[in-house]
Amino acid sequence: MSQSRHRAAAPPMEREDSGTFSLGKMITAKPGKTPIQVLHEYGMKTKNIPVYECERSDVQIHVPTFTFRVTVGDITCTGEGTSKKLAKHRAAEAAINILKANASICFAVPDPLMPDPSKQPKNQLNPIGSLQELAIHHGWRLPEYTLSQEGGPAHKREYTTICRLESFMETGKGASKKQAKRNAAEKFLAKFSNISPENHISLTNMVGHSLGCTWHSLRNSPGEKINLLKRSLLSIPNTDYIQLLSEIAKEQGFNITYLDIEELSANGQYQCLAELSTSPITVCHGSGISCSSAQSDAAHNALQYLKIIAERK
């Protein structure tokens with residue numbers, strides 16, 4: 001959708017005498033030019049450089065809407081689109097149509113955010129950027145991507161990436177790290193797009209209150225398990241550190257994810273990462289002679305870290 005208004009009567013813009021130019025001929029001679037490029041060239045020749053201003057930026061969960069205003073001399077037009085680029089294109093197109101005084105001149109400007117899935121190549125979309133814009137708009141923390149697994153033969157590698165956004169998590173797989181990351185972001189966008197508009201507020205509230213365990217809440221918690229941790233030496237033989245960490249997580253309201261690392265350490269031991277969904281997120285490394293012992297070591301290190309944080313004043 002585009003709108004236009006005149007500040008004053010537009011002067012004739014299409015003169016064929018020597019020393020001047022024809023806007024129509026400019027468009028015909030350079031069919032590959034976008035409306036923005038054509039309008040800019042016109043502005044250069046007439047010494048009326050187009051000026052663009054963003055009037056509205058409404059980023060919704062389903063479809064964002066942008067409105068841009070362009071001023072060329074005495075003419076002002078606006079254009080709307082689901083991206084800033086598209087809105088500017090439509091504003092420039094509207095201005096060109098007025099300058100030509102011929103509404104039949106129309107540039108084909110595809111809407112990049114409303115594609116036909118059967119015809120739109122995936123590489124033209126940017127789910128990672130869209131998810132980041134969504135998070136910024138709602139005041140959420142930015143999405144975090146973690147490469148959790150890499151496998152398969154050299155000629156057919158497969159990567160697995162975990163994407164976390166507040167308390168939500170999605171997993172993406174692909175033949176490259178970038179593709180796995182994109183797939184994870186796409187899953188998030190698909191999840192949010194299935195939420196009806198009336199539930200947007202409740203979703204925002206749910207995410208906004210999903211910060212879980214913060215350092216402040218940990219230090220001031222009256223919980224039995226966390227206070228027991230403060231008094232523990234964490235050096236008693238045969239202690240089940242994984243179970244102890246699980247009990248504290250349940251009490252304090254955070255989740256634990258163990259990520260086994262395929263590569264052995266420099267001294268030939270198994271490796272593991274324990275990720276705690278605290279705020280900020282905590283990641284602790286562990287190693288051992290087996291996967292289970294590496295997980296136990298990671299849990300032990302996580303407990304030591306939580307103990308240090310909880311004891312701080």
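From the backbone N, Cα and C atoms, a Cβ is placed for every residue, glycine too.
Feature annotations, reproduced from Swiss-Prot:
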- 34-101: domain 'DRBM 1' (DOMAIN)
- 126-194: domain 'DRBM 2' (DOMAIN)
- 240-308: domain 'DRBM 3' (DOMAIN)
- Ser18: phosphoserine (MOD_RES)
- Ser167: phosphoserine (MOD_RES)
- Ser246: phosphoserine (MOD_RES)
- Ser287: phosphoserine (MOD_RES)
- 1-103: region 'Sufficient for self-association and interaction with TARBP2' (REGION)
- 1-21: region 'Disordered' (REGION)
- 102-195: region 'Sufficient for self-association and interaction with TARBP2' (REGION)
- 195-313: region 'Sufficient for self-association and interaction with TARBP2' (REGION)
For each of the modified residues (Ser246, Ser287), count the other CB atoms lying within 10 A of its CB, then report the residue with the highest count. Ser287
At the level of the C-alpha atoms, what whole-angstrom distance separates Ser246 (phosphoserine) and Ser287 (phosphoserine)? 19
Give the residue counts of the region 'Sufficient for self-association and interaction with TARBP2' (195-313) per reduced DSSP state, in the order helix, strand, coil. 58 helix, 22 strand, 39 coil
